[in-house]
Amino acid sequence: MLTKFETKSARVKGLSFHPKRPWILTSLHNGVIQLWDYRMCTLIDKFDEHDGPVRGIDFHKQQPLFVSGGDDYKIKVWNYKLRRCLFTLLGHLDYIRTTFFHHEYPWILSASDDQTIRVWNWQSRTCVCVLTGHNHYVMCAQFHPSEDLVVSASLDQTVRVWDISGLRKKNLSPGAVESDVRGITGVDLFGTTDAVVKHVLEGHDRGVNWAAFHPTMPLIVSGADDRQVKIWRMNESKAWEVDTCRGHYNNVSCAVFHPRQELILSNSEDKSIRVWDMSKRTGVQTFRRDHDRFWVLAAHPNLNLFAAGHDGGMIVFKLERERPAYAVHGNMLHYVKDRFLRQLDFNSSKDVAVMQLRSGSKFPVFNMSYNPAENAVLLCTRASNLENSTYDLYTIPKDADSQNPDAPEGKRSSGLTAVWVARNRFAVLDRMHSLLIKNLKNEITKKIQVPNCDEIFYAGTGNLLLRDADSITLFDVQQKRTLASVKISKVKYVIWSADMSHVALLAKHAIVICNRKLDALCNIHENIRVKSGAWDESGVFIYTTSNHIKYAVTTGDHGIIRTLDLPIYVTRVKGNNVYCLDRECRPRVLTIDPTEFKFKLALINRKYDEVLHMVRNAKLVGQSIIAYLQKKGYPEVALHFVKDEKTRFSLALECGNIEIALEAAKALDDKNCWEKLGEVALLQGNHQIVEMCYQRTKNFDKLSFLYLITGNLEKLRKMMKIAEIRKDMSGHYQNALYLGDVSERVRILKNCGQKSLAYLSAATHGLDEEAESLKETFDPEKETIPDIDPNAKLLQPPAPIMPLDTNWPLLTVSKGFFEGSIASKGKGGALAADIDIDTVGTEGWGEDAELQLDEDGFVEAPEGLGEDVLGKGQEEGGGWDVEEDLELPPELDVPSGVSGSAEDGFFVPPTKGTSPTQIWCNNSQLPVDHILAGSFETAMRLLHDQVGVIQFGPYKQLFLQTYARGRTTYQALPCLPSMYSYPNRNWKDAGLKNGVPAVGLKLNDLIQRLQLCYQLTTVGKFEEAVEKFRSILLSVPLLVVDNKQEIAEAQQLITICREYIVGLCMEIERKKLPKETLDQQKRICEMAAYFTHSNLQPVHMILVLRTALNLFFKLKNFKTAATFARRLLELGPKPEVAQQTRKILSACEKNPTDACQLNYDMHNPFDICAASYRPIYRGKPVEKCPLSGACYSPEFKGQICRVTTVTEIGKDVIGLRISPLQFR
């Protein structure tokens, strides 16, 4: 039995497969109906309206309906698309056992413990017929799949067959519906002529639990409490018992016919499912469960799937694997179908049977290995008991008759797997898991000791792949040695590329692609089962899951090509065609669209001409392609796909394409876009576009400064005029300062009432007339005339020597492949050199009316950007004598490769490589590696996600100390700055993909520092000890360890620090408490008692217990003091301490009572709240610190941990990560 899906739930009493979708309904004993997707292994929906167990359940064959019947006497019809009950049918007077839809008519058949069977019309929602005759509970009733018959099983020990042809004729006759509706109130409880008993089958000795028709033959199967499964045959006149299947040793719950084979399946309360051969009446297979009784069986109407419900849930299973055995060589496919070996020519599609296989094995062929040199095949058969597995060696006849193929004598031997390893040798893995090499006569030529393995696969001539529990090993048969290995668990299939350079290892939910040396190139995980695969001619691996055809590129990129209705097994991929076999062993050809993976492959292989061709001609659309191109560093290619202006804008900025970004910004006309474009243009020195952006965003201050630094005084004067119009005094004065216009500054100061400043400006700069006129306006009695500084110096902005009209010159580099293609495809004419406000159309700044101003008084931006004075696209010609041919001497001939565009000869700077610190960040998820790389932000993010750090202040010193160890410096040459080197801890293997930094802090260092903390605790320097313990605790997340033992030691170190910090902080707090009142003394004693429950070193625990003992003795709590004394003596203190303790103990035992009631129960386990220092007894809600594990009462959730001072209490985190092992 192959289990495909299993659920855990309450007892399952009913099951029904959906005829088309991969769904199954389960009705449970607790009243819930579950809808499962058994292919995706997910619960789709739950329906909970029945009161009590639900026993009957059935899907409708065409409509989105299902029916259920329960112990609440109700039949409910549900619509699973609407996810609700449509209506309820009432009429039964006791539990309903089964409910089934008719395959053709709108009928529902229900069987009940009220000893009746009812037929309901679900369209009119009425009962149309009641079948009476049984005199005990009716356990099951089902329609015949094609005839007007009903079979029922009852605890009255009979199986009855009912003829309902009268009901059909009545419902098809004219006026049937009207009479049906009129007569519904008068339905005869004791039956009508609509349904009559045709046969009564008696033979069971106990009550019958189930009866079912055969899908095509006139047979009935029944299962009963007499532990027997009976087969009955019927004709028009009679029915009789054919045979009985005995073997169950408890009540048989259910029995069904196999829809396509001569088999019967039954299950029982004896916790087993049995498969019976109908012709031999013998048991074929038995499947048992340890603790669960079986209650119901269901067969899928179209697929070879079955489901069984038991006490703990249900299972969906197959009796045997349906994967066809096949082998591909060149253009030929050999496969096994119906005990024939067939050969398919991929080119001509000629499919012929070449050989008949010997019969005898009841198990299908498991796998095949083909030898083209000798035209021989090895067919392996797996038994349920692996030790009984066999293989057959056949030589295929050369002149095969496709109509009547020969049945050559094969050589059969025992063995798990047989694989060809040479022209005339094959390897066999025998039942003892040792390797045998055999010749074509099936004779052993040698035995080879191999590493422990449970399966072998072909790996080229003379080589094998050996599978063990968690790896695959490449083994050389000739040299008897291991060549390479790769970690992957439970590989099921191995598929080599045509040139044997790559191999795909397929497991149940994973694919690992390796090269010939078994170096893993990529690892792909699938949620659904991987079924098969084949290599494309271009080196892409095409594989199938249960419901998809997918692709995988050796770099790790993978995706979906198309969806499948049913699983297929890929045999070959060529061009747009996928050749495959289905589960019926029929060869099929599916058409796929390879554009997506060929596009990615061309990008990876840098075949940019192919990429550009596909970009322009293929229908490659979607966000995934754009995201992929961005991720891989090709934003300029992504520009080809994008129509959305916002996305085009961000992509154009990313690849530095200012022209396309400008077009997109004009289309969007968004302030944020103009600001971003201005920033990027400024970085490129394109001040003309910067000017436009500042104009569009009305950023006057930046625009004025831009005009100042480019020396454009004319436009700066216009900006001053605009500021005056806008009544912006500050901007007006600032522009006057930029221009060095003193008289304008004096005027501005005078107009805004700053007479003193205006006078000083005029007098200092020598504007005597203006100064005198201002001086006269001062009132000598009220105002004082300011004094002029005799040492004043002239501060004048430097006059521009050469105004900057053109953009900042950029280094000319040869354009990338795609940028060039975009340029050739794009509009002609680059951005013009001059973006001038004068083009608005004014002769000067005399009158406001002549300015084209917006509501803010700002000049509208020019529209004519990018056009020359003479217009677009005009070429030289006319009067220019440039077309004349000159006769040049032959020695001046220049090779054609040297000439060309101006771009070709320019220097192309090499692309900047990845820095060592960036490599460290890329290769590691450990916080300390990011700190050593100087990437504090990512290190903080990792610490936040892993251990919940939210307060990074205490980490500042640790970060800086760690970062200082991240690099070394050395003097290279005199007069040159020092050089840096970046030490790696894996320096032998360090590189772009696996380099990680050397770490200075070791676990042993922290353990040594722990000893100092112990010493400080012993001498009573508690505050200093807490500080040192906390320093160790915060340092643990910055460790890197190599093995699981060290991970455990680091966790133990955290526990030690936590115990001491909580205990010592509580002791410090206790010593600060006043001792005047009794309540205060009780609180002091409680805290001392709690401290004795910290996990401390014995030397410290002795001190803690002595303190608690003294305090409790003084409080006259002798009973509790006695427990402390006994614990103290168990630790073996010094003799003088032990003597004193025994005296106190004897005094306490004379009067074993407690004078005061304290909040302390030594017998009830508890944790100490690290904030309130009160006990949290086991079973009470508790929140924990994600790093230290310190416990807190729920009210402290979300606060800073008192132990670490950096983490958030109760935060949900990934967990401490200090080793690469924790990421595997």
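Backbone N, Cα and C atoms are what each Cβ position is placed from, and that goes for glycine too.
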Tell me which residue from Ser173, Ser915 Swiss-Prot records as phosphoserine.
Ser173
Looking at Swiss-Prot, which of Ser402, Ser413, Ser824 is flagged as phosphoserine?
Ser402
Selected stretch (most C-beta pairs under 8 A with the repeat 'WD 6' (247-277)) from 7-37, 49-79, 91-121, 203-233:
203-233
Please determine which of the modified residues listed here (Thr591, Ser1193) has the lowest count of neighbouring CB atoms within 10 Å.
Thr591
State the count of C-beta atoms found within 10 angstroms of the C-beta of Arg965 (omega-N-methylarginine), not counting that atom itself.
16
Using DSSP and collapsing to three states, where does Thr591 (phosphothreonine) fall: helix, strand or coil?
strand
Taking DSSP states H, G and I as helix and E and B as strand, how many residues of the repeat 'WD 5' (203-233) are helix, strand and coil?
0 helix, 18 strand, 13 coil
Three-state composition of the repeat 'WD 2' (49-79), taking helix and strand from DSSP:
0 helix, 18 strand, 13 coil
Across the repeat 'WD 6' (247-277), what are the DSSP residue counts per state (helix, strand, coil)?
0 helix, 18 strand, 13 coil
Express the distance between the Cα positions of Ser1193 (phosphoserine) and Arg965 (omega-N-methylarginine) as a whole number of Å.
40
Tally of residues which DSSP labels helix, strand or coil - the repeat 'WD 4' (133-163):
0 helix, 18 strand, 13 coil
Spatial separation of Arg965 (omega-N-methylarginine) from Thr591 (phosphothreonine) - C-alpha basis, Å:
59
